[in-house]
Amino acid sequence: MTITPLMPVYPRSPVRPVRGDGAYLYGEEGERYLDFASGIAVNLLGHNHPHLTKAIQDQAATLMHVSNMYGSPQGEHLAQRIIDNSFADTVFFTNSGAEAVECAIKTARRYHHAKGAPDRKKLITFSSAFHGRTMATISAAGSEKMTDGFEPVLPGFETVEFDNLDAAEAAIDNATAGFLVEPVQGEGGIRPASQEFMQGLRELCDANGLMLVLDEVQCGYGRTGSYFAYEQYGIEPDILASAKGIGGGFPLGACLATEEAASGMVIGTHGSTYGGGPLAMAAGEAVLDVILEDGFFDHVKAMGDRLRQALEQMLPNHDHLFEGVRGRGLMLGIKMKVDSKPFVPYLRSKGLLMVAAADNVVRVLPPLNIEESHIKEFIELLSSAARDYEVPEA
Ligand SMILES: *Cc1c(COP(=O)(O)O)cnc(C)c1O
């Protein structure tokens, strides 16, 4: 037998973390890493945050799982807090981002079904998008890399160029249910949509009775310096998928919707065995306790500005490698002039954890509660690695 015990779908790196503490991870031999990957934008309070850890421990010892057959005081409380701080009137809790996007897709289709337009099934999606790895979400993103060999893909999605409002408008027809878009693309290379594009999509939805569905699984939950990224575009969606940071490391996702958008989601139309269980709700509450404290988002913005300034100063010293920095808040991307894929493992070997993205970008996704000292250490590690890095022959 040569197959590995873990189904070999990931190119796993030699980093084998066994312990975490704040912005640091420790490997099996005790080696220390500065974690500016945060489990891909998940550990937004860093590792072992005492408030989050205690909330999970206490809840585990009280009540871990029941069923959505029963009333959920824990779910109602967290949903209400999310509603109080967002556009939403109602929330469906999931265990992952892909499930949150699935629920968002179903909600958008079901809206038109409930409104007597059952032919409106098609969501217009965008190039370089990432929405998860389920059949519907790989069909939505449409990239051949993800669908190859998994056909038939699901119908009901049409992909047009990201940030191109004319292309989005031209794709609207009688079968269109709405748009599904990441306000800041993550896997696609940390690419923020323009203001005109997001506002334009909102206007197209209003004019044509369509659903604006945002995938904020990566860019939401404080990552870009506001609770959700849409706030910075001066618009509100009809439906939004959240996950990653929402549980701070505990598996949790959520599909948020307005009352109008959720008008088709009646009893029996959707469900999840684990979704919204007491343990996940405790984690979600603990994360909100911290990020809704006065000044937290200001801290994210301030650290994001510092980090960006420091990078803008340092990157030109290695201009054979780096083109520049882009993104918002603490969701930044360093665009490289060379292949970013081998650079990321090199950084890991130097004790710095980051994530690659498409378009030769290296993602900078630190915990949101980092301090200036972490930024200083990051810049030192990155700059010394850049100095020593030998670009592999193509
Ligand atoms: C990570 C991600 C997903 C999928 O989340 P999973 O928890 O891996 O299912 C969906 N959309 C975006 C934008 C993501 O970054």
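Every residue, even glycine, has its Cβ placed from backbone N, Cα and C.
A98 (pyridoxal 5'-phosphate binding site) falls within a helix when secondary structure is assigned with DSSP. Annotation comment: TrEMBL describes G97, A98, F130, D215, E216, V217, Q218, T273 as pyridoxal 5'-phosphate binding site.
Less than 8 angstroms from the CB of S272 (N(2)-acetyl-L-ornithine binding site) sit N68, F92, F93, T94, N95, E99, each of them six or more residues away in the same chain. Annotated N(2)-acetyl-L-ornithine binding site per TrEMBL: R133, S272, in sequence order.
Summarising the annotation, TrEMBL assigns N6-(pyridoxal phosphate)lysine to K244. For K244 (N6-(pyridoxal phosphate)lysine), the count of additional Cβ atoms within 10 Å of its Cβ stands at 28 [all protein chains shown].
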Inter-residue C-alpha distance, R133 (N(2)-acetyl-L-ornithine binding site) and D215 (pyridoxal 5'-phosphate binding site) (nearest angstrom): 14
Sparsest-packed of the listed binding-site residues (A98, R133, D215, E216, Q218) - C-beta count within 10 angstroms: R133
Rounded Cα separation (Å) that holds between A98 (pyridoxal 5'-phosphate binding site) and K244 (N6-(pyridoxal phosphate)lysine): 10
Largest inter-residue Cα distance among G97, A98, F130, D215, E216, V217, Q218, T273 [record-listed pyridoxal 5'-phosphate binders, Å]: 25
Integer Å distance between the CA atoms belonging to G97 (pyridoxal 5'-phosphate binding site) and K244 (N6-(pyridoxal phosphate)lysine): 7
